[in-house]
Amino acid sequence: MGTCLTTAEQRAMEVPAASVKGGGGRRSDEEAPGRIAGNGAGNVACLFTRQGKKGTNQDAMVAWENYNGRSDTVFCGVFDGHGPHGHLIARKVRDILPSRLCDLIYEDCGDSPTSNSDVSTLEENLSPYADAECRSPTLAGQKEHQEFFNAMKESFRKAFKNVDKELKLQRNIDSICSGTTAVTLIKQGHDLIVGNLGDSRAVLGTRDQNDKLVAHQLTVDLKPDHPREARRIRRCNGRVFAHQDEPDVARLWLPNCNSPGLAMARAFGDFCLKDFGLISVPDVTYRQITEKDEFIVLATDGVWDVLSNQEVVDVVASCSGRFAAARSVVDLANETWRFKYPTSKTDDCAVVCLFLNKYEVTGGLSGQPGYSPRMPALSGITRPNSKRVTPDDVDDGSDSNVSGDERSLDGFTRLNTLLALPKFGDTSPTKK
């Protein structure tokens with residue numbers, strides 16, 4: 001395997017000229033075979049989104065089978081916009097990120113995957129949040145997986161950086177105080193690369209040693225109060241603190257005014273904060289898929305704010321028709337929102353379910369064959385015993401006086417991603 005694609009593989013692949021970089025005849029992503037960006041299903045993935053009660057649906061999603069011209073490769077992503085133009089930014093990133101990443105994979109994989117001058121050692125650049133199974137392939141002495149991971153990680157980082165630059169140059173989208181999260185993955189054969197930006201989440205449904213289906217979180221919500229994120233933000237003169245009305249929600253603020261109060265430490269857009277610690281560098285991790293791994297769920301925080309990882313995995317596993325899995329998760333999340341928080345506005349929800357074994361997605365939507373999800377008696381209505389993972393639950397070697405118990409999200413947040421838009425003509429602090 002070595003790198004993403006060997007030289008021989010690249011020559012042998014029959015990729016339509018319109019689907020790769022070069023020339024003016026490139027086909028738009030919307031016309032690409034195997035690409036789904038709305039409610040529906042393909043051979044190995046299903047998608048569903050539903051607007052909440054806060055206004056325009058700012059969530060976006062995509063699944064692209066036969067990605068990169070390979071029958072064994074799929075790209076998936078969900079994007080949660082915020083701010084006045086968050087819906088436009090989420091859709092823009094959804095539409096351009098996969099193709100930009102595809103271009104860079106072709107560029108990078110034929111050369112040395114990572115320059116030592118650009119990126120330090122592999123172990124230093126691994127996510128400080130990833131579980132041991134998602135950390136450096138070199139730990140297992142697998143050189144070919146290290147090369148694959150290095151090359152793909154560099155492609156992810158370049159693609160995210162380039163997309164952020166494109167957003168800044170967009171004249172028809174104001175991204176000064178608007179942005180989006182992104183949790184994305186590429187599955188190529190048994191290799192899985194996850195790139196995460198913000199607080200959307202990827203969760204794996206896998207079998208444990210007792211053959212019980214359990215949830216394994218592949219990403220960690222990148223919040224401003226994680227020690228490493230907070231140190232970077234403060235070095236850049238940004239501020240991290242919780243508003244008095246939301247003492248449990250740390251936010252990122254401008255140096256001299258109490259805005260915008262962004263509830264994440266990494267995002268596309270939000271250029272008013274890019275000089276003050278907000279970054280668009282993805283947290284990239286690697287995992288080898290095994291026969292025990294059954295599916296992956298990508299979802300925005302409208303789902304994770306009310307359902308635990310295990311509840312989502314249980315819902316997907318209980319669906320008789322895989323086409324309905326994503327919709328079943330959204331249905332349960334909406335039901336739980338209404339039950340738990342009857343006075344709160346339901347958040348937008350977007351879900352992508354990627355199935356890892358050989359069986360294809362079957363069934364249909366509600367009212368069609370295959371839609372009879374046996375949901376676990378709305379288990380989300382009762383407070384789960386399992387603790388939602390936060391950055392502080394993972395030891396990154398930093399000195400922190402905050403214990404895991406103090407940070408456990410036993411209750412669920414219903415926060416707005418942005419609290420206030422900055423007034424750039426007035427640098428005096430605003431009163432809250």
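Yeah, the Cβs are placed from backbone N, Cα and C, and that goes for glycine too.
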Write down the one residue from D72, D80 that Swiss-Prot lists together with D301, D347 as binding Mn(2+) 2. D80
Where D347 (Mn(2+) 2 binding site) sits in the secondary structure, as DSSP reduces it to three classes: coil
Return only the integer: C-alpha distance in Å from D301 (Mn(2+) 2 binding site) to G81 (Mn(2+) 1 binding site). 11
Could you check the binding-site residues D80, D301, D347 and say which one's CB has the most other CB atoms within 10 Å? D80
On average, residues of the domain 'PPM-type phosphatase' (44-356) score a pLDDT of 88
